[in-house]
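According to TrEMBL, the features are:
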type: TRANSMEM; residues: 27-46; note: transmembrane segment
type: TRANSMEM; residues: 58-81; note: transmembrane segment
type: TRANSMEM; residues: 102-121; note: transmembrane segment
type: TRANSMEM; residues: 166-188; note: transmembrane segment
type: TRANSMEM; residues: 194-212; note: transmembrane segment
type: TRANSMEM; residues: 276-301; note: transmembrane segment
type: TRANSMEM; residues: 321-340; note: transmembrane segment
type: TRANSMEM; residues: 375-393; note: transmembrane segment
type: TRANSMEM; residues: 399-422; note: transmembrane segment
type: TRANSMEM; residues: 443-467; note: transmembrane segment
type: TRANSMEM; residues: 479-498; note: transmembrane segment
type: REGION; residues: 519-540; note: region 'Disordered'
Amino acid sequence: MTAFSDDDKELVALGYVPSFKREFSNLATISFAFSIMGLCSSIATTLNTPLLTGGPSSVVWCWILGASMCLALGSSIAEIVSAYPTSGGMYTASARLTPRKYRARVGWLVGWLNILGQIAGVSSTEFGLANMIWAAVVIGKATSCNPFYLNSSQDGDYEVTQAKTVWLFVVLLIIHGSLNCLGTRWLARMSSGFVFVNLGATVLIIIVLLATTPRSEMHAAGYVFGSQGIVNQTGGWNNGLAFVFGLLSVQWTDYDATAHICEEVRRAAYAAPSAIFIAVIGTGLLGWLLNIVIVLCSGPLTDLPGASGSAFLQVMYLRMGKAGSLILWVPVCFTAFFVVQTALQATSRTVYAFSRDHGLPDRGFFGFNSKITQTPLRSIVLCTFISIIPGLLDLASPIAANAIFALTAIALDLSYIIPIFLRRVFENHPEVMFKPGPFYMGNGIIGWGANCICICWTLFVCVIFSFPVTLPVTPDTMNYASVITVGVMVLAFAWYIVDGHRHYHGPQSNLHQLNQGIEREKEEVGKGSEEEDRRESEYV
């Protein structure tokens with residue numbers, strides 16, 4: 001213990017042997033938090049939904065409304081991460097915030113919701129990146145003067161097939177899996193630069209769009225902020241429901257990813273929650289400004305999303321031309337690339353922590369770090385392989401693949417609010433006795449208000465996520481998110497009843513490994529002393 005840092009001593013106090021090198025500085029941790037939220041790439045990949053269902057005003061107001069509510073959620077998550085800075089994140093916290101009687105079942109449910117939500121998030125984000133790259137190819141191959149009307153036979157438009165998208169998706173995931181196999185020091189160095197590309201690309205796009213759009217072609221304030229911008233294109237839903245579909249853009253974020261690298265962060269109880277809090281505020285405000293500018297410069301709504309299928313890229317093409325839009329599209333794609341890089345790292349750490357607690361039927365096989373890189377190579381390979389499966393499924397059934405992608409938001413959001421709820425219910429229970437970390441909002445109106453608001457808001461958003469965004473509902477337009485999520489929960493509990501209860505009993509201390517290591521060292525020292533005594537006696 002004397003050789004451990006304060007962070008490692010805190011980890012030992014939580015029952016775990018330190019297994020990672022703490023190479024993530026404050027800058028790298030903040031950069032990691034910004035990267036997982038994506039900002040410009042997240043807006044680029046999700047802009048179509050709010051713009052083409054509720055209209056321009058939905059894009060603008062739902063973003064700032066959702067961002068405000070996400071501040072309450074991010075703050076509540078940061079508060080728990082500060083108290084339990086482990087790789088398990090909200091999964092570990094949920095089990096520790098529950099009396100022993102319910103600990104295993106709660107940990108099992110939250111663990112599987114969090115893992116499956118993260119894997120679906122990695123897969124869907126990578127698929128979005130593949131589509132972003134092919135959208136740029138479509139724009140680059142176009143010869144038409146009008147970018148919104150491209151004809152493959154006359155204008156040289158490039159045809160993107162399903163197979164091309166899927167194979168690019170697979171190649172990108174293999175690259176991300178390979179990069180994640182690097183040591184923690186290299187991952188921290190890469191992460192440190194992500195924030196500058198992320199924020200720099202967003203600011204640059206805002207400036208260039210405003211500079212290249214004539215004042216006469218900018219939309220009026222009523223179109224951007226007022227009732228003129230409420231355009232219901234859902235095919236039958238009322239205007240209110242069409243408007244709140246815009247929340248699908250801002251809510252598609254993994255807020256606790258930074259928690260899963262806590263065992264690799266210096267001063268984790270301070271740095272990790274602070275990074276989450278800062279990233280939520282920065283992403284919310286700068287993202288709102290980007291949404292306003294995109295809508296302001298968007299041109300006729302009837303021309304979107306255009307031939308590329310990306311309304312964001314089409315607006316850039318309209319205002320900047322082919323060369324300018326493609327040049328600025330490169331950092332946007334890099335931002336999406338960084339999202340997957342950080343998301344896969346967080347997912348592998350979650351699987352590592354769950355396996356370490358014997359939540360997987362692998363006897364802890366995926367809960368070990370490589371002696372060479374001191375990173376969980378086994379869980380990285382596993383997560384990469386599993387994340388490829390939904391993309392391959394798109395070749396057989398795009399509907400099934402999209403249904404799995406839709407699992408992301410609801411599964412992750414539920415895994416967030418369960419420990420927040422449990423903390424308030426059982427914080428003074430003798431088997432819990434919640435001890436807050438350095439990031440603490442208190443038991444006053446701020447703490448209670450943030451917790452209650454984020455729980456109610458997340459439940460509301462989960463209901464919105466369950467609606468199909470267009471009518472009439474067909475097998476192609478059906479939203480299977482709620483069905484898949486409930487199915488996952490049912491299957492998880494069925495598995496627990498049949499087999500899981502035999503090997504999983506909640507978060508389990510592995511300090512016995514540390515004790516075994518100490519005993520081995522003592523034995524080696526003892527053997528060395530005996531050998532020295534024997535040699536000395538022979539000499540005499």
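Quick reminder: no glycine exception, Cβ is built from N, Cα and C everywhere.
Curation plays no part in TrEMBL annotations; they are all automatic predictions.
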Leading stretch by Cβ pairs under 8 Å, where the reference is the transmembrane segment (443-467) and the options are 166-188, 375-393, 479-498: 479-498
Residues of the parent chain within Cβ reach of the transmembrane segment (58-81), under 8 Å, 6 or more residues beyond its termini: 47, 50-51, 89-90, 93, 97, 224-225, 229-230, 242-247, 249-251, 253, 255-256, 258-259, 262, 272-274, 276-277, 279-281, 283-285, 287-288, 291-292, 294-295, 416-417, 419-420, 423, 436-437, 439-441, 447, 449-451, 453-454, 457-458, 461
Top partner of the transmembrane segment (375-393) among 27-46, 102-121, 166-188, 399-422 - counted as Cβ pairs under 8 Å: 166-188
Outside the transmembrane segment (166-188), six or more residues from its ends: residues with CB under 8 Å to it: 20-25, 28, 122-123, 126-127, 129-130, 133-134, 264, 337, 340-341, 344-345, 348, 373-375, 377, 380-381, 383-384, 387-388, 391-392, 394-395
Stretch-level contact, the transmembrane segment (321-340) and the transmembrane segment (27-46), CB cutoff 8 A, at least 3 pairs: yes
The transmembrane segment (276-301) touching the transmembrane segment (399-422) per 3+ Cβ pairs under 8 Å rule: no
Proximity verdict for the transmembrane segment (479-498) and the transmembrane segment (102-121), three or more C-beta pairs under 8 Å: yes
Non-local residues, at least 6 beyond the ends, that sit with Cβ under 8 Å of the transmembrane segment (194-212): 27, 30-32, 34-35, 38-40, 282, 286-287, 289-290, 293-294, 296-297, 315-316, 319-320, 324, 328, 331-332, 334-335, 338, 341-342
Cβ contacts under 8 Å made by the transmembrane segment (102-121) with residues that lie 6+ beyond its boundaries: 88-92, 94-96, 254, 256-257, 343, 346-347, 350-351, 354, 357, 359, 383, 386-387, 390, 404-412, 414-415, 418-419, 422, 485, 488-489, 492-493, 496, 500-501, 504-507
